[in-house]
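Per Swiss-Prot, Ni(2+) binding site is recorded for H80, H91, H93, C99, and the stated evidence type is sequence analysis.
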Amino acid sequence: MGEKTIRFSVSLPEDLLKELDSRVIKKGYSSRSELIRDLIRELIIEEKWDSETEEVFGVLTIIYDHHQRDLTRKMIDIQHSKYVNILCSTHVHLDHNNCLETIIIKGKPSEIEKLSIEIGGLKGVKFSKLTKSSKVEL
């Protein structure tokens, strides 16, 4: 971030400022400015996800029972059918029965959401969560 930083002021009601300061401490930020910068970036990412013209990224985290009949094959088939969107995946053995997989996906928001629902809805998937992101050049 080699851009010039510009200082400006913000007026807030006292209760809202207390909430802000509480979050700065809770999340370990070094200053209010750091928290506000992250909140603005989050807003930009949300807006990109609301647009169908932007390429965005997502990380799908799933936990599943690898003993579930045909589940692994179905997940691999889905990923291979969408190889243009799937950047990579990481597989971790949690215990004898359960695996955790993260799948990094790129594409239009609707493509990523559809793919996440398709994988997350398979029988044997115990947990599925899509974390939304995008390139933020700020």
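Cβ atoms here come from the backbone N, Cα and C positions, even for glycine.
Features per Swiss-Prot, on structure.
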residue	record	CB count, 10 Å
H80	Ni(2+) binding site	9
H91	Ni(2+) binding site	12
H93	Ni(2+) binding site	10
C99	Ni(2+) binding site	19
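Classification of H93 (Ni(2+) binding site) by DSSP places it within a strand.
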